[in-house]
Amino acid sequence: MGPFCLGCSHRKCYSPIRNLISQETFKFHFKNLGYAKGRKDTFLCYEVTRKDCDSPVSLHHGVFKNKGNIHAEVCFLYWFHDKVLKVLSPREEFKITWYMSWSPCFECAEQIVRFLATHHYLSLDIFSSRLYNVQDPETQQNLCRLVQEGAQVAAMDLYEFKKCWKKFVTMVAGDSGLGKRLLTNFRYQDSKLQEILRRMDPLSEEEFYSQFYNQRVKHLCYYHRMKPYLCYQLEQFNGQAPLKGCLLSEKGKQHAEILFLDKIRSMELSQVTITCYLTWSPCPNCAWRLAAFKRDRPDLILHIYTSRLYFHWKRPFQKGLCSLWQSGILVDVMDLPQFTDCWTNFVNPKRPFWPWKGLEIISRRTQRRLRRIKESWGLQDLVNDFGNLQLGPPMS
């Protein structure tokens, strides 16, 4: 499913339980334990502010609790649609801050991602006391997608606990209520979250220079350390911000191209343009899987740039490349503009890319090699036709 307005899809309106919660409730449900037995309810303390001449103006604050199987964050989205978006101008800019007892589950995170994708004028900060089911790969993936959609996702530290306590907890003189081991538990929760988010981080500069290096290496041991990376950027025709990601094939597991296909299928998108940067061109199996995926989605535009050709002298690998061209996938060799774009989008946009010696010479040499493969299989005219297609939204 594509992005949608969650509130428009549901008529039932949820309301905050109150503006404040008791100290006992906060101490029990917001305690940032590594193992939190008996804490099945989800609590969400929220504040909504609006920009007014560049100064934030507080509009609403309160507390949500789950309603049966409907988690607190989804209750908030329904309420926000009915009580804020329907009343105020849809063009106003809002900042939403959440303090949550549990981080979103993968289903709620998916709905939050889609809500943010529909409402570009919203900014969302999510501070969680504890991480929910983060061993689950789908949960990890959707937490990363929240960040990619522009949300700030963080564990509650002492500063955030104090802010939440001061604004949302009924006060009793002389009782700080924050308890012992808060900082120790925060470091535990934060380390787990950062480990998850690092997996979606752009490549390090060192990794980029070593893995996307397009020249022949002298030492075989170094050659085998070159890993199959796939960096992708997905652009939709509805004006939404591009989605980016970087995938790595792990030894003995699925190749990065298959991981990429699984990810794109889960989004159920159409009429998109996807640009991929690969360290190695696809193997025959991955090439055929990519070709089948493209044939099933004629509106999708997929352009693959590769730094190096993988076993290009073997006919099965050449045939795999041919299947990509025949399906309408554009396959090219990375040159200086592509290396620069990959660096900017996936490594470090604040620092310039410094090309290594001989980059463009080797790129042209690899391009000639790829062109000879096209010609030997009689595909040059077909590839030229695909290359002349307009890359953009369908004409109305």
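Each Cβ is built from the backbone N, Cα and C atoms, and glycine gets one as well.
Feature annotations, reproduced from Swiss-Prot:
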type	residues	note
DOMAIN	38-154	domain 'CMP/dCMP-type deaminase 1'
BINDING	His71, Cys105, Cys108, His255, Cys283, Cys286	Zn(2+) binding site
ACT_SITE	Glu73	active site, proton donor
DOMAIN	205-324	domain 'CMP/dCMP-type deaminase 2'
Binding-site residues compared (His71, His255) - highest count of Cβ atoms within 10 Å:
His71
Binding-site residues clustered about Glu73 (active site, proton donor) [Cα within 10 Å; pool: Cys108, His255, Cys283]:
Cys108
What is the total of other Cβ atoms whose distance to the Cβ of Cys286 (Zn(2+) binding site) is within 10 Å?
25
Which site among Glu73, Cys105, Cys283 has the most other CB atoms no more than 10 Å from its CB, taking these as recorded positions?
Glu73
